[in-house]
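Student: First the structure, which I've put down as structure tokens, then a few questions once you've had a look.
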Amino acid sequence: MEKTKRPLNEDEADKQELSLPQKKYYRQRAHSNPIADHDFDYPSCPEAYDWSTLYPDVTNTESNIYNKRVEMLDIGCGYGGLLVTLSPMFPDSMILGMEIRVKVSQYVIERIKALRANQPNCYNNIACIRTNAIKYLPNFFKKGQINKMFFLYPDPHFKKSKHKWRIINDTTLSEYAYVLAEEALVYTVTDVKDLHEWMVQHFSEHGLFKRVEDGDLKDDPVVDKLYASSEEGKKVTRNNGDKFLAVFMRIKDPDL
């Protein structure tokens with residue numbers, strides 16, 4: 001007699017293999033105005049955000065051994081390639097991607113959900129939220145909380161009138177410096193030489209950053225992963241395009 005299969009309970013159903021989302025259903029125009037008003041949910045302060053909704057092993061109880069804080073931040077994370085790459089490299093670190101585009105951020109959320117279901121106990125340290133990093137970083141992170149920050153192939157906003165939309169500018173650098181720990185590293189990669197020079201100039205002229213010499217990066221395991229871990233990086237590789245890397249360190253606050 002053929003055995004009748006019992007229905008899966010909720011926990012078992014969640015563990016069934018999930019198909020990874022297909023990018024063709026999550027395509028969205030590359031440009032987004034970060035200055036415009038968008039409909040975002042954000043906490044009034046870092047203590048008010050419930051990180052346990054994003055990371056399965058995190059609780060908001062201070063006495064709990066699993067209570068952690070985000071230490072690495074990928075701003076404009078795109079389709080999440082860097083998050084997935086960094087997850088097994090830094091299994092004890094919480095890594096967050098921030099993406100302003102609705103469909104793209106939803107793709108990353110679904111991608112992480114599927115990866116966790118298909119590989120139990122893996123990828124629990126990465127997550128993605130849709131938000132505007134230019135406006136709301138201090139709402140999510142405390143002063144000196146972040147150890148590594150990434151800007152991979154940010155929107156160049158080519159028109160001079162839209163340079164104020166660039167993710168790196170005088171105002172945003174002060175916001176980034178606030179949430180970065182002393183000696184934290186900021187990694188930038190772009191295939192646009194003009195944007196590379198723009199970012200180098202702004203970081204170099206800011207009083208709280210200094211550029212890390214290329215020779216000092218040879219032992220950094222992250223650097224080699226930056227060029228092609230993202231979808232944009234892979235596209236540049238296919239097109240034999242140039243890639244410009246610059247890494248900066250958050251220096252100590254000056255004595256006043």
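Any Cβ shown, glycine's included, is placed from N, Cα and C.
Copied straight from TrEMBL:
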ACT_SITE  ASP155  active site
BINDING   GLY76, GLU99, ILE100, ASN132, ALA133, LEU152, SER230, GLU231, GLU232  S-adenosyl-L-methionine binding site
REGION    1-23  region 'Disordered'
Student: Cα distance, ASP155 (active site) to ALA133 (S-adenosyl-L-methionine binding site), nearest Å?
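Tutor: It is 14 Å, counting Cα to Cα.
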Student: Could you measure between ASP155 (active site) and SER230 (S-adenosyl-L-methionine binding site) for me? Cα positions, answer in whole angstrom.
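Tutor: Rounded to the nearest whole number, the Cα-Cα distance is 14 Å.
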Student: Note down the number of other Cβ atoms within 10 Å of the Cβ of ALA133 (S-adenosyl-L-methionine binding site), including every protein chain shown.
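Tutor: Result for ALA133 (S-adenosyl-L-methionine binding site): 24 other Cβ atoms within 10 Å.
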Student: Take the Cβ of GLU232 (S-adenosyl-L-methionine binding site) and count every other Cβ within 10 Å, whichever protein chain it belongs to.
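Tutor: A count of 20.
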Student: Max Cα-Cα distance in Å among GLY76, GLU99, ILE100, ASN132, ALA133, LEU152, SER230, GLU231, GLU232, the residues listed as binding S-adenosyl-L-methionine?
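Tutor: The widest Cα-Cα gap among those binding residues is 21 Å.
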Student: Once near-sequence residues are set aside, which residues in the chain of SER230 (S-adenosyl-L-methionine binding site), 6 or more away, have Cβ atoms under 8 Å from its Cβ?
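Tutor: Spatial neighbours, sequence-distant, of SER230 (S-adenosyl-L-methionine binding site): GLY78, TYR79, GLY81, LEU82, LEU152, TYR153.
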Student: Write out the long-range same-chain contacts of GLY76 (S-adenosyl-L-methionine binding site), meaning residues 6 or more apart in sequence whose Cβ is under 8 Å from its Cβ.
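Tutor: MET98, GLU99, ILE100, ALA133, PHE151, LEU152, PRO154, ASP155, ILE167 - these are the non-local Cβ neighbours of GLY76 (S-adenosyl-L-methionine binding site), listed in sequence order.
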